[in-house]
Number of protein chains: 2
Amino acid sequence: MKTIKVIKIGGNIIDNEEALAEFIKDFATISGPKVLVHGGGKIATKLAEQMNIPVKMHEGRRITDAATLDIITMVYAGKINKNIVAQLQAHHCNAIGFSGADGNTIVSEKRPIKTIDYGFVGDVKKVNTDALEVLLNNNITPVFCAISHDENGQLLNTNADTIASELAIGLSTVFNTELYYCFEKNGVLEDVENEDSVIENINIESYKTLKENNIIFEGMLPKLDNCFHAINKNVQKVCIGKSEMLFHTNNKHTTITK
Amino acid sequence: MKTIKVIKIGGNIIDNEEALAEFIKDFATISGPKVLVHGGGKIATKLAEQMNIPVKMHEGRRITDAATLDIITMVYAGKINKNIVAQLQAHHCNAIGFSGADGNTIVSEKRPIKTIDYGFVGDVKKVNTDALEVLLNNNITPVFCAISHDENGQLLNTNADTIASELAIGLSTVFNTELYYCFEKNGVLEDVENEDSVIENINIESYKTLKENNIIFEGMLPKLDNCFHAINKNVQKVCIGKSEMLFHTNNKHTTITK
C-alpha cells in the first residue's frame, strides 16, 4: 500500500501571501501522493464587509445564509483555490482544485435546525474517492476547499478540519494515510502561552486526562475530536503543528495515537 | 475513435436560472464523453458594481486589472462553475470543475501591451489533455470556466469561445471531436432580424462571400473565426445555434465545414 499525506492548512497560511507562497513551494516538493485541504481565512469576511453583507455568528460559528454561501463559494472555491492551483503548477505540482461537489467526492446533509438554524452548513455523510484515486494514480494532486454538496444540487459550507479528516478516512481504504493539521502553533501545548510546551504524543487515555485537567479546552476540542475520529477509522498517523513539521523532521509537533 | 462533444454555453443560459437548470438537465442525458465550457454572463459585472469596482471596457472588451481578475475568478471559477457542477451531480452526471490552471490544461500568455493594455488577459498557447483524458475515460465530465494560467502562477482571463475551440482542437488528437457553440439565436442568420433565416451551412468559401456582402459582421466574426480555426485543426464538426440543437435533431442551426 502506498502512503498518502492529507495536509490541511488554515488562516495563518491562507491570509499571509508570503507564508502561502513559501508553503506552496515546499508542498510541491513532497514526494508521493498527497491531498491539500485549505480553509478560508479572513478573505470571505472581508468580501462580505465590502458587499455590506452582515456576518452572522453563533457561538463562534458562522451562520451561512444564501448570500454568505455565495461569498464562500466565490472566495474558497474561486479565488483561494484557483490561486493555490496556479501557484502549485508554477512549482511543477500538477494540481486540480476540488469542492466536494466535484467528482461527487464529499456528500453532506444540511445541518438540521434545532435551537439554531446554521443555514447552508453541511455535515459530511459520505466520501467517494473513485475520482481522487484515478487522479492520484496519475500523479495529480487534489486541492480541496471546504465546500461539500447534498447530491441534490445544493452546495454546503463545511468545516475544513472535518473535510480533511473525512477525506483521510475515505482514502485510508486504499492508501496508508497520514493526516496533518497545520496551524499557527507548534502543536497541542501544555501551557498555551509557551510554544515550547508541546505535548508530543496524545492517545485516547491521555486526551481524557488533558480534558479533565482543562489543559485542552475550547477551540482545540473539535480539532482533536477530528483527529481521534480519523485515528479510530483507520488513518495511520495524525499530526498537529506548524507546517514546518512536514519539511523538517526535528520540528516539534503533536502526534495523535490510539 | 470515440466521439466527444465540446459544448459552450453563454450568457443567455448562464444568466437565466431556469434556462440553466433546464440546460443542465438535458446536458446530463447526453451519452458518451463530453466537456462543458461556460462563459461568465452578467454576474461578474453585477458583483463589480456591488463592490464599487469600475468596469473598464475598450471596444467592447473588458480590461482585466487585478481587482477585476479577482472578481472573474470568484464568479466564473467559484459561483458559476461550482453551482453547475453541483447541479450536474444532482442529475447523476459526474462532473469536475476546471480552470485552465487545473491539471495544467490551458496555458496562455498575457496579451502583450500594444496600443492598449488589456491587463490580465491570456491568449491560449498550449492545451494539455492528459488529465482530461484520464477523467473522460472514467466517465467524468470536465466543466470549464474561461480562465487560463501562464504556468508561472498567474491566472488569466480568457475568451470562453476560444477556450472551447482550443479544448476541441486539443481533444481531436484522441477523440472524434464535435464543437457546439450555444447562444441566443438559431445560428448564423441571413437577416439578423429574422430567426428563420438560418444559414444552415457555411464553408470557407461562402464565409468569405458572406463577409464581403456584410451579412456576417461585428460580434459574429470572432465566433466564426474560432469555428474555422477549429475546423482547420482537425475538429470534425462545428455547430452554432440554440442549445436545443443538441437535443432535437430537427432544430435548425448552422454547421461549419471546410
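Cβ from N, Cα, C; glycine included.
The average per-residue pLDDT of the prediction over the domain 'Aspartate/glutamate/uridylate kinase' (B:4-241) is 95, rounded to a whole number. According to TrEMBL, the feature domain 'Aspartate/glutamate/uridylate kinase' maps to B:4-241.
Counting every protein chain shown, 28 other Cβ atoms lie within 10 Å of the Cβ of B:K8 (site 'Transition state stabilizer'). When secondary structure is read from DSSP and collapsed to three states, B:K8 (site 'Transition state stabilizer') falls in the strand class. Here TrEMBL flags B:K8 (among others) as site 'Transition state stabilizer'.
The substrate binding site feature in TrEMBL is assigned to B:G40, B:G41, B:R62, B:N157. Taking the Cβ of B:G41 (substrate binding site) as centre and 10 Å as the limit, one finds 20 other Cβ atoms among all the protein chains shown.
Residues or ranges marked as site 'Transition state stabilizer' by TrEMBL: B:K223 (among others). In sequence order, B:D161, B:Y181, B:F183, B:I240 are the residues of the chain that are 6 or more apart from B:K223 (site 'Transition state stabilizer') and have a CB within less than 8 Å of its CB.
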Structural state of B:R62 (substrate binding site), classified by DSSP into three states: strand
For B:G40 (substrate binding site), the number of other Cβ atoms found within 10 Å of its own Cβ: 25
Among B:R62, B:N157 [binding-site residues], residue with fewest other Cβ within 10 Å: B:R62
Alpha-carbon spacing, B:K8 (site 'Transition state stabilizer') to B:G40 (substrate binding site), which is rounded to whole Å: 11
